[in-house]
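Worksheet: the structure to be examined is printed underneath.
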């Protein structure tokens, strides 16, 4: 696993074998550097999220989704501008995926795909938070499209399991009820109200 693309190929092969076997996909081979493992998974998530972004373009446009929102409580500012500001959801999606690609391909922060400095690994949580917003917008505003893509890829379930496993996001920000324990919590919460 010490060649440049070995980890990426390992992850992609696990996905091809069975995209629903999330535990297998997220289980690193013995001795695998954790920073590289997280980095390569995030690269893979961003590549696959581009597929969701393409599907979203059919119905998510500046007229229908003038802001990047999830529920009524969540309006996200786009960090791609000099000062973060609101922009249409589809633009936010493009900007976020472009920004993630730029960071993850940056020679300054990630000069090697074999070993990664801890200071660079620390940047992954911020990327995860921004990227997750694409899932939440799709879930709350384009549910049929989200469900179709999720059934084909299990991408949101895999991403949510990944960020939870590696503590890359606060559970408070995981608003798409995708994990079994989240779904049972939501059902419990509704029955009490």
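Each position is counted from 1, following the chain as shown.
Glycine residues also receive a Cβ, built from the backbone N, Cα and C atoms like all the rest.
Noted in TrEMBL for the protein shown:
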- 60, 65, 137, 142: Zn(2+) binding site (BINDING)
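The structure, with features from TrEMBL marked on it.
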| residue | record | CB count, 10 Å |
| --- | --- | --- |
| 60 | Zn(2+) binding site | 23 |
| 65 | Zn(2+) binding site | 20 |
| 137 | Zn(2+) binding site | 26 |
| 142 | Zn(2+) binding site | 21 |
CB-centroid shell, 8 A cutoff, Zn(2+) site 60, 65, 137, 142, site residues removed: 56, 59, 64, 89, 90, 93, 138, 141
